[in-house]
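Participant: There's a structure below that I have some questions on.
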RNA sequence: AGUUCCAUGGUGUAAUGGUAGCACAACUGAUUUUGGUUCAGUUAGUCUUGGUUCGAAUCCAGGUGGAACUACCA
């Protein structure tokens, strides 16, 4: 039985449009980032939506850079955005820029002036704000509102020709200064900016505002469904007004609720602050909710896509538990990541009855979830590194690991029994002595003994050293943006912990940045960009579910 | 205050006038050479008041609560 997946509200609109033929049977979407920052997981939601819809309905999705503000936009951002979209697994039909349309947009503005629907205003930005009115008070007409068409045409051309300084004049649409929607109170549609543009260079010194660029760009590209986030809902009447006055292709805008996630922030302005103020190491810091940060941390594109699918699309404000993202990445990595052994917090274990100098090569499965995952060789010897937390001097009840007299299995090797241990003057365990059961070897265990615990290990003489970076949430509170004061006061001071001496099995010696593993019993880890063959560096992507930690916490 | 949008378990999201379901989280138990995975199960929800209707989460009206808007940013 194939259960029918229910449609989200945008899919319903599209299916209705398709059924009624309102868009001529076409679905054309676009993903319209402004190149003034790196993409984050919230953008991923929009990307999956826009590209996903195009794919589902045999349409196309454009990548369009909304580059109408030269003072904040840079080529570096354009490149990172393209890389991130591709990495997420999507291919755009056309790579476009709002700046491609500057000539057309200028012509549109001229048309509006000719229709008596736009005028050049000499007011300062403060004056315009002051006469805007408020939610309970209508605005006042500008003294320049009734300039005649010819004068407006001349002045606008002079603006374009660089006759005026920044801020000296603007072009405004003539709508209604008493409109209840503040955005329709004669919005500014062109402003003067003597700034170098990353694409058009110094060709222009006037630039269209968002409202005078976005809808028209959609229309030029014959976008059928222009999907954006809720905060643009008030812009829709303006979007429609320009299209109607200009008599151009009627694209339509639909709004959905943006993604919010616990323990992070999702505004480019705030993320930029973290970068600029050195709170993180860069846009791709593994603690950042950016696509590049998550990629570096070890997230798979597949996990992010699955996450976006799972959270759904609706119009109500939401706050997604970051735990859901972690679930998606575990689910993805559980299937794909090879298992290896790494000891993060080492303590030495000596097998007192194992011959000195002897070495065995054990063959272990790479991935029990993947029948075709293959095997690898892991060396075994008399001395082992094991995890400090896998030994308790006075074992708690239900502690199925090592302690005086207790038995465990060394993963893929032998069952061992703890006979003795050594402590230093501070009471720290320095060495654990065990005897192994030769007849309990993995694969042909004839000992007849069943132990409840299995622990991971790395042979001391064969171990490689690596640096491991452990990450915790970037913020201490669920919603830093809604707290009192500056959001940066809520940064988690312990969001990263660097372990400089982690012992890993030799099979990891040739790992390359981007490789992903499960460190057995610890979590998923990815080889960092900083990793070299001389110095291996791993990032913790996410831990395994740890029901023992939960049990231990209960006391 | 005005306008617009929204309201379903702890968190998300379905049910489109006809049995309130799914995922995550939480909690039991089984399996397990990862205290992982897998499997079985449990807890828990329609903001409120009226109306329409044989029947309302759904339609209507009023309340309540939340969000957004008052940049020469997008």
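Just so you know, glycine gets a Cβ as well, placed from its N, Cα and C.
Below are the features listed in TrEMBL for this protein:
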type    : residues                                      : note
BINDING : A:34-36, A:40-46, A:229, A:258-259, A:266-268 : ATP binding site
BINDING : A:66, A:210                                   : L-glutamine binding site
DOMAIN  : A:27-334                                      : domain 'Glutamyl/glutaminyl-tRNA synthetase class Ib catalytic'
DOMAIN  : A:337-436                                     : domain 'Glutamyl/glutaminyl-tRNA synthetase class Ib anti-codon binding'
DOMAIN  : A:454-528                                     : domain 'tRNA synthetases class I (E and Q) anti-codon binding'
MOTIF   : A:33-43                                       : motif ''HIGH' region'
MOTIF   : A:265-269                                     : motif ''KMSKS' region'
Participant: Over all shown protein chains, what is the count of other CB atoms within 10 A of the CB belonging to residue A:43 (ATP binding site)?
Facilitator: 24
Participant: Which numbers of helix, strand and coil residues does DSSP report for the motif ''KMSKS' region' (A:265-269)?
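Facilitator: Computed counts for the motif ''KMSKS' region' (A:265-269) are 2 helix, 0 strand, 3 coil.
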Participant: Fewest other C-beta atoms within 10 angstroms of its own C-beta: which of the binding-site residues A:36, A:229 fits that?
Facilitator: A:229
Participant: Using Cα coordinates, what distance in whole Å links residue A:36 (ATP binding site) and residue A:66 (L-glutamine binding site)?
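Facilitator: Residue A:36 (ATP binding site) to residue A:66 (L-glutamine binding site), Cα-Cα distance: 10 Å.
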Participant: Sort out the residues at least 6 away from either end of the motif ''HIGH' region' (A:33-43), same chain, that have Cβ-Cβ distances under 8 Å to it, and list them.
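Facilitator: For the motif ''HIGH' region' (A:33-43), the nonlocal Cβ contacts are 65-67, 69, 72-75, 77-78, 80-81, 84-85, 198, 258-261, 266, 268, 271-272, 283-284, 288-292, 294, 304, 307, 325.
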Participant: On the three-state reduction of DSSP, what should I expect for residue A:229 (ATP binding site)?
Facilitator: strand
Participant: Which residues does residue A:41 (ATP binding site) neighbour through Cβ under 8 Å, counting only same-chain ones at least six apart?
Facilitator: A:259, A:261, A:266, A:289, A:290, A:291, A:294, A:304, A:307, A:325
Participant: Going by C-alpha distance, which of the binding-site residues A:34, A:45, A:229 is nearest to residue A:210 (L-glutamine binding site)?
Facilitator: A:34
Participant: For the domain 'tRNA synthetases class I (E and Q) anti-codon binding' (A:454-528), DSSP counts of helix, strand and coil?
Facilitator: 13 helix, 32 strand, 30 coil
Participant: For residue A:66 (L-glutamine binding site) and residue A:34 (ATP binding site), determine the Cα separation and express it in whole Å.
Facilitator: 5
